[in-house]
Amino acid sequence: MAAGIPEQTIVELGAGSEWRFELEADENIAIRVLSPDPVFINSCELPPTTWYPLYRHLKSSLYASKPARIEVSPTFPASQYTSTSTTQHQLLNLHLALERVRILAKRASNDGVSGVRGPRVMILGPPSSGKSTVVKNLVNLALGTGMGWTPGVVGLDPSSPTNLIPGTLSLSTPALPLPTHHLAQPLGSPPTSIPSNTLSADVPTVGWWLGGLEPTNRNAEVWKVLVSAMAQKWRDRCEKDKLAMTSGLFVDTSSAFANPLLGTKKDDPKARYTLVAQAIEAFEIDTILVIGHEKLHIDLSRLPAIQSRNLNIIRIAKSGGVVDLDETYRETAHSFMVRTYFYGEPSLTKEMTGLVGKMVGMDGGLNPYSFQIGWETLVVLRVGEENAAPSSALPLGSSRTLSPTKLTRVDPSGPAHVVRLLNTVLAIVAVSSEDRIIPEKHALKAEADAQVKAEAEEAEDGQGEDGGRVEAELVEEEDMEEVPYREEIGTREVLGFIVITGIDPQKKKYTVLSPSPGKLPSTVAIAGSIEWVDSA
């Protein structure tokens, strides 16, 4: 083949078969359907005779219910195969059952019956079982019926966030079928500051910041607060929107939910699946899908919280196309997700732009903004008891009781904090005047302050300016250690995210990367354990 001419390959798909592919780091391809019958990617129909880009590292499959022909260019994936073993029929049967519930709920709502709602489904499974893929298929099947459904999608997997960046829990309401182009935002991208096309699937999204990649026993209490806040947000939405109520809800969960001891407290060691039970109760789940895990299916069916609610527990087979992901791949995916949030979707490669024919419209790139902000201006906090000093540091025989959502202010002047904050992703949260508090003073501290103030007043005539300056310095030093906000701000909805890309100890300034230019919507940020270095 002549140099510069893209290689084009035809893939023949039989009825009810899948073409599965795993793109490597240097593979970017485009596909288009040449046959009249539809071809689907995660139950989203590909536009006929139109190039559809698929970017590097993506692992997915195309499904054809009838014989079909697909053209692949400008290169052919090294890892690809065709299979007739598919779970698409089982997913379609599930969709039809859920659709019946939605239709009956809508009819009852139109007849004036209150309290009726669509199906609320939670998907559980071990790592690399295809949970997010199942959710995406069921959501796309619902959106593709033409009934105008707007199902809610809850992302309870911070290691593989559905809409935002790693460390986030999200609630979104897609209205159009969700495309599949790359690793980031598998369940639709949040709205951006630039106009988008209809295939970009900009989805209204609300996010909450966990700051970690999975729920653990250490952050379990913070997790419960976040889940309760998300559930309340969804209830508020359903009270105002009957269509959302009847459209139903899909909950994508973390693989850590398969651990029966997750969230178990010392005072109740026999409790099992604590976080699962809390999410079921909070979102009023009526159907649970368990992917390829027989023991998990049996354990859940015996769970008192599930038996008392008379839930439907359905075990579905794990797709043969699911790929076991290693830690290196997950780190690559996390980095790509953060980069996509700031820089937008990847642009078409030179080889793709040279293809003859129509190309699916893609969103343009974003232009993030880098600037400096003072340490005293940007208040960085951490949430959770694990950020406080250990109990072993307390005097012998003493004890303490800390709130699980306790806020700890980060003082960047210490060398250890400088290292911990560099390249850290921060979640910006909104604060109001009502959120400010006056820190409670200990008795000894208050007495000492009163004495210092009295001495300063006595010496006011001779050295008033110096005394005032000393007092101001003491107040400033005290303020840097105190958290002047209520704990609730640490678990509320986030406004967006920034990254600390540089720290100047001499000038006492951060260099931050923001997704858009202009003033930050808030100068209070929550730090976690998520870091990102732009290596692209």
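In case you wondered, yes, glycine gets a Cβ from its N, Cα and C as well.
Those TrEMBL annotations? Automatic predictions, nothing curated.
Of the listed segments 189-208, 449-468, TrEMBL assigns region 'Disordered' to 449-468. Counting residues per DSSP class in helix, strand and coil order gives 16 helix, 38 strand, 37 coil for the domain 'Clp1 N-terminal' (13-103). With a 10 A radius on its CB, S128 (ATP binding site) counts 15 other CB atoms from all the protein chains. For the binding site of ATP, formed by E18, K59, S128, S129, G130, K131, S132, T133 according to the record, the largest Cα to Cα distance is 19 Å, rounded to a whole number. Mapped onto DSSP helix, strand and coil, the domain 'Clp1 C-terminal' (485-534) counts 5 helix, 27 strand, 18 coil.
Neighbour counts were taken as the number of other C-beta atoms within 10 angstroms of each residue's C-beta; across the binding-site residues S129, S132, T133, the minimum falls on S132.
Listed binding-site residues: K59, K131. The one with the lowest count of other Cβ atoms within 10 Å of its Cβ is K59. Confidence for the domain 'Clp1 C-terminal' (366-438), expressed as mean pLDDT, is 78. Under a cutoff of 8 A between CB atoms, and with a sequence separation of 6+ in the same chain, the neighbours of E18 (ATP binding site) are S61, L62, Y63, A64, T82, S83, T84, T86, Q88, G321.
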